[in-house]
Amino acid sequence: MDQNEHSHWGPHAKGQCASRSELRIILVGKTGTGKSAAGNSILRKQAFESKLGSQTLTKTCSKSQGSWGNREIVIIDTPDMFSWKDHCEALYKEVQRCYLLSAPGPHVLLLVTQLGRYTSQDQQAAQRVKEIFGEDAMGHTIVLFTHKEDLNGGSLMDYMHDSDNKALSKLVAACGGRICAFNNRAEGSNQDDQVKELMDCIEDLLMEKNGDHYTNGLYSLIQRSKCGPVGSDERVKEFKQSLIKYMETQRSYTALAEANCLKGALIKTQLCVLFCIQLFLRLIILWLCILHSMCNLFCCLLFSMCNLFCSLLFIIPKKLMIFLRTVIRLERKTPRL
């Protein structure tokens, strides 16, 4: 049995309480992003095996401890269990081990991703985090970007503001905008500065959560096992069954949420189309009204011109007759020579 697992149910199984100053952190995310190296940077020692490359060296969940100020830091490193497509026996075994090592619950989940390379695999890993720990775990999650050196001295906030990766922006928003960046090659004061920045972010999160760690039904099941090792094998089996059911429930919840999101988007699209049709009809009606008004004006103008013409036709002959009569009278009065 691993020294970090004092029983089937982890180090707190026999009723011992975690220290108030203990800070439990779980490293999550896809393989190859630098999770283990990030854990080493936080603890400032080679606690987890790590090297450059996309192949993971972490084969199983492991735990290491260190300190920062007056806090004892407990970090749980995880293997490639967030990228597996199949829900196989190995996945359930590692998830169960992760729960045991992090009982009674993590204060922080560090979702590690590489700066500038948030891919569909990272999205799948983030989705698996929700399946394993629950949707509410996002409220205790900080997105940690590795390869901070790629910012070239720029601001991480500016990077996020300028990013056109909608999936990444959605993830950061779900995590309450909590982000941090690491250069896992940093040493000395540079390493201390970036760890301090992360710890400040964690302290803000803990203040927001009133110092409470994250928990769910599975952690509660672990805590209920504090009565001792009696029937421990049955309890382990019970936990596994509960874990499978929990993950299936989370998948169903996610699928339902996505369906509702698509349904909402469809409804919004339909409303937008109806609004456009209504606006188009209103414009047509307005155009017809204007055309009708112009026709009425044209008809009135035409009628006035016809009336004027008719009046002129009536007045001109009359004036001509008067003129002719006048001429005739003048001729009659003029004496002949």
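Don't overthink the numbers, they just go from 1 along the chain as shown.
Heads up, the Cβ atoms here are built off N, Cα and C, so glycines get one too.
Of all ranges given (6-10, 11-15, 56-60, 121-125), Swiss-Prot attaches the label region 'G2' to 56-60.
Range 146-149 is the one annotated as region 'G4', of 2-5, 146-149, 190-193 (source: Swiss-Prot). Counting only residues at least six positions away in the same chain, the Cβ atoms of SER50, VAL112, GLN114, THR146, HIS147, PHE182, ASN184 sit under 8 Å from the Cβ of GLY34 (GTP binding site).
For the region 'G3' (77-80), the model's average pLDDT works out to 88. The DSSP secondary structure for THR31 (GTP binding site) is coil. In this structure, GLU149 is the one among the binding-site residues ALA37, GLU149 with the smallest number of other Cβ atoms inside 10 Å of its Cβ.
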